[in-house]
Amino acid sequence: MGSYILKRLAQALAVLWAAYTLSFILLSVLPGDAIRNRINAPDSLMTPQQAQTLLDYYGSNRPLVEQYFRDLYGLFTGDLGYSITNGGKVWSLLTLNLPSTAKLTGLGLVFGLVFAVIVALLINYAKFGWLRDVFSFLPALFTSVPIFVIGIVVLNVFAFDLHVIPPVDDHTFTALIAPAATVGLVVSGPLAQVLSNSIRLTRGQPFVHVMHAKGAGEGYIFRKDILRNSLLPVLTLLGLTIGELLAGAVVTETVYGRAGLGQLIVTSVNTQDLPVVQGIVLLTTAIYVTVNFFTDIVYTVIDPRIALDAKTTRVTRARRAATAQEPGTFPAEAAEPSDTRDPVEVARP
């Protein structure tokens, strides 16, 4: 356990460093200089001394290598600096906008899970074949359609045509439903695909046929065995979905005019506000790494046979859980398929 945690912490630091370096390079090669634009603005009232102080603080008159390591040192000391455009602390801007985005992504994840479970159940348990074919098409549709298209359609239909939701964000729960449903529809596509395939594979396992032969009902078998076995690959994918949720929040907040990290990063990129962009990149990367770390821990709690060591990767666990009986079935259920007798003979008293 200790070596595993240390390795994951080292990986988290490496990912944060890579995210910081990539964002610094991309923003540095963009044309223009936000500091000099602010100094040379027609409405600027800065004196030459104030302009020089501003250049010295942000390091615009220093080599890029020196700026890189100075900002990197500030990152490790917890100082993200000040915004170039409004002069506010970066940490204050992040904490001000994070709650709105957290509400959007949290409710969007709930909607995504609900949509995925409903679609996966209908694909596998719908009474009519044509109905199963129709719902089998939905995950691919949700995955392929751009999120801004879904957002515009939902906004036009439910806000302007049906007048069910407010057209602009009025900070109520009703105004949050449409953006969250938009994000949920997008992330539900891959979740539904994985869950549907997992349910289909689990239903074909020998222990399910044995329980049918013993007289167990379909609902009982689904609740006791099929559902929790099928959720293992979904749990793995759920951690990876956090990145898509955060990326979808940027577009969704823009479409619906919601304040949050999405709107903040769009504005900061347009104004080349490097400290704010780097702060948002590092914050979202830290959230992504943390969620995936706890996903690994929860995975091993649900299925104890998966070793929690440095050699077992999430990709390996996903492949195992999605394909074979091991470790996609729990020890209690996995023991039953070893009985090679005829299920009918087993069912007889």
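Every residue number used here counts from 1 along the chain in the order it is shown.
Every residue, even glycine, has its Cβ placed from backbone N, Cα and C.
For reference, TrEMBL has these:
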TRANSMEM  12-30  transmembrane segment
DOMAIN    98-295  domain 'ABC transmembrane type-1'
TRANSMEM  104-125  transmembrane segment
TRANSMEM  137-160  transmembrane segment
TRANSMEM  172-195  transmembrane segment
TRANSMEM  231-256  transmembrane segment
TRANSMEM  276-302  transmembrane segment
REGION    319-349  region 'Disordered'
COMPBIAS  338-349  compositional bias 'Basic and acidic residues'
The transmembrane segment (137-160) in contact with the transmembrane segment (276-302), cutoff 8 A, at least 3 CB pairs, sep 6+: no
Considering the transmembrane segment (231-256), which listed stretch of 104-125, 172-195, 276-302 counts the most C-beta pairs under 8 Å: 172-195
The transmembrane segment (276-302) touching the transmembrane segment (12-30) per 3+ Cβ pairs under 8 Å rule: yes
Non-local residues, at least 6 beyond the ends, that sit with Cβ under 8 Å of the transmembrane segment (104-125): 131-132, 135-136, 138-139, 142, 176-177, 179-188, 191-192, 195-196, 199-200, 203, 234, 238, 241-242, 245-246, 248-249, 252-253, 258, 260
Beyond the flanks of the transmembrane segment (276-302) by 6 or more, those residues with Cβ under 8 Å of it: 8, 11-12, 15-16, 19-20, 23-24, 27, 71, 75, 80, 83-85, 90-91, 93-94, 98, 228, 231-232, 235-236, 238-240, 242-243, 246, 261, 264-265, 268-269, 308, 314, 317
